[in-house]
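Per Swiss-Prot, the features are:
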TRANSIT   1-25  transit peptide
DOMAIN    57-243  domain 'BPL/LPL catalytic'
BINDING   Tyr107, Arg151, Lys161, Thr179, Thr208, Ala210  (R)-lipoyl-5'-AMP binding site
Amino acid sequence: MLIPFSMKNCFQLLCNLKVPAAGFKNTVKSGLILQSISNDVYHNLAVEDWIHDHMNLEGKPVLFLWRNSPTVVIGRHQNPWQECNLNLMREEGVKLARRRSGGGTVYHDMGNINLTFFTTKKKYDRMENLKLVVRALKAVHPHLDVQATKRFDLLLDGQFKISGTASKIGRNAAYHHCTLLCGTDGTFLSSLLKSPYQGIRSNATASTPALVKNLMEKDPTLTCEVVINAVATEYATSHQIDNHIHLINPTDETVFPGINSKAIELQTWEWIYGKTPKFSVDTSFTVLHEQSHVEIKVFIDVKNGRIEVCNIEAPDHWLPLEICDQLNSSLIGSKFSPIETTVLTSILHRTYPGDDELHSKWNILCEKIKGIM
């Protein structure tokens with residue numbers, strides 16, 4: 001059953017806070033099932049942060065159900081350039097988010113369900129959570145071949161991944177979250193989670209590729225709505241709580257004091273890109289010159305998302321050495337970003353003489369450099 005998480009009743013449903021807040025009073029005796037009314041990844045991730053940081057989960061676990069508009073979500077210690085096609089994402093308006101848990105990169109859209117299981121650190125148990133999801137799916141489709149693996153994934157028919165998993169363990173609280181593919185755009189997923197960038201050297205956590213499949217490909221009745229209700233029912237049964245899904249607005253400061261500042265932080269360039277572990281790009285590309293090709297070599301070190309070392313080499317007969325030197329100097333300290341690079345190269349472009357051929361080569365070089373960002 002879905003009920004609105006209104007100001008009238010929310011105060012009596014939620015757990016005690018570790019710190020005082022106007023939005024919460026009284027207690028919940030056992031546990032709670034929440035579902036977000038927002039499809040914004042940053043606000044939904046902020047709910048995870050808020051519950052982890054502020055709620056007393058002792059004897060009162062929480063299940064949080066949420067879905068997002070098209071988004072690629074990377075793990076805390078990952079490199080987005082290594083994990084996904086950022087250029088395609090920009091073209092298609094797909095968001096990029098970095099979560100606070102580890103693990104690999106996943107694609108979210110409205111055909112994917114996200115489940116977050118909150119407990120105390122002592123009660124944290126990923127395998128039990130996944131077994132609960134398996135029971136929920138089998139309750140709807142008894143003959144469904146779905147199993148949890150030692151890697152804490154869920155496999156359909158022994159080979160197709162329908163759920164990936166990640167977690168965060170704090171001093172007292174912990175959460176385990178996982179995806180559940182019901183009707184995700186599989187073609188789009190595959191295109192977005194394929195990095196086109198060459199020559200990246202990084203110690204960042206790398207995702208493990210896997211064959212994926214939607215539950216609806218197996219059984220068209222396994223829609224997101226059906227699966228959400230099944231998981232909620234099984235969770236309520238397992239934890240002996242009321243089978244009510246409480247709808248929440250993750251932007252409501254009266255219920256979640258301070259939550260919007262958490263969402264804003266998760267949207268910043270400094271968090272999404274700046275938290276990328278140090279990496280380098282060592283690559284080259286060719287450009288046409290007088291019916292032949294010349295090679296441009298590029299070596300860039302990136303730290304905290306900013307260019308620390310830049311060495312772009314082009315043959316003297318194609319582009320004067322001093323121009324490459326100016327470009328290298330200008331890029332050092334800037335964001336490893338096509339937007340910032342466009343601004344910097346446009347400023348430099350104005351300083352060169354009105355030579356059409358030189359300007360053409362300059363534009364070609366700059367477009368190639370932006371293409372690796």
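Yeah, the Cβs are placed from backbone N, Cα and C, and that goes for glycine too.
Highest Cβ count within 10 Å among the binding-site residues Arg151, Lys161: Lys161. In this structure, Thr208 is the one among the binding-site residues Tyr107, Thr208 with the smallest number of other Cβ atoms inside 10 Å of its Cβ. Secondary structure at Thr208 ((R)-lipoyl-5'-AMP binding site), as computed by DSSP, is coil. Of all Cα pairs drawn from Tyr107, Arg151, Lys161, Thr179, Thr208, Ala210, which the record names as binding (R)-lipoyl-5'-AMP, the longest spans 19 Å. Around the Cβ of Ala210 ((R)-lipoyl-5'-AMP binding site), the number of neighbouring Cβ atoms within 10 Å comes to 13.
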